[in-house]
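S.K.: Quick one: the structure is below, questions incoming.
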């Protein structure tokens, strides 16, 4: 059921060296720098995104994700969702408008998995970057690197998947698109969506709370993914795996690391979903094929390296 949460809006990542991080996210991934603030944070967006930013980089002593934000339709929805979060048992932090430049007030909470999320209704509308809103060209001609199209989702590792599932489905209005279950039917991975996309956020069971696996960015075509792989080699960027295809979600993908060790994904394609679709289920004994459809064997680094 729609509860007023629209889509992923932003992710704030911790990086060890801002200069090196910007080489990665701007020059390689192709995000556009939009602003900086007095805390030293840098605000980035992909060119098709209409709001001011979708990625915030913060220099810190250890890498990882500070929080992921979702945009809601209006202030009334934000107020109602705040009450629902409190009734669910979440502790709420109200973050003032302007704490993130160009963003309205945010309501932050912690999921049972240990990850921090936030909801907001307002963010400065800047339109797509480099193209007009009237008679727009197909794409800007001065994009860099992989020319990421949009910030798409995050994959997160933590425990208490069932309670996290209940929070995201019953309170926030997500639905289960795909899952991995063990022989007893216990869910080990859950891919949750707000839209017709394959997923907007995903969780995999892990003993330690609050771990970050990757932030993902959409590309248009398989040829774009192959070109991204070329750029990864040209820049001696640390690669995890790919190009390959997922069984889960059907995305065609490649994974690589920023200089701080945060994992990134660029992908194209993927399943679509409508409200009458039943969740796709993968069995844990076949998880190799679910994750890497071609190799059918798990890459140990993919399952064990996180920030």
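Cβ coordinates are placed from backbone N, Cα and C, and glycine is handled just like the others.
Okay, these came from Swiss-Prot:
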type	residues	note
BINDING	153, 214, 265	Fe cation binding site
DOMAIN	7-122	domain 'VOC 1'
DOMAIN	150-269	domain 'VOC 2'
S.K.: Using the centroid of the Cβ atoms of 153, 214, 265 as reference, list every other same-chain residue with Cβ within 8 Å of it (recorded Fe cation site), in sequence order.
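M.R.: Once 153, 214, 265 are set aside, the remaining close residues are 152, 154, 155, 213, 215, 216, 217, 255, 263, 264, 267.
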S.K.: May I ask which residues of the same chain, at least 6 positions away in sequence, place their Cβ under 8 angstroms from the Cβ of residue 214 (Fe cation binding site)?
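M.R.: Spatial neighbours, sequence-distant, of residue 214 (Fe cation binding site): 154, 155, 255, 262, 263, 264, 265.
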S.K.: Taking the Cβ of residue 153 (Fe cation binding site) as the centre, how many other Cβ atoms fall within a 10 Å radius?
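M.R.: Result for residue 153 (Fe cation binding site): 27 other Cβ atoms within 10 Å.
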S.K.: So what's the average pLDDT for the domain 'VOC 2' (150-269)?
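M.R.: Across the domain 'VOC 2' (150-269), the average pLDDT comes out at 96.
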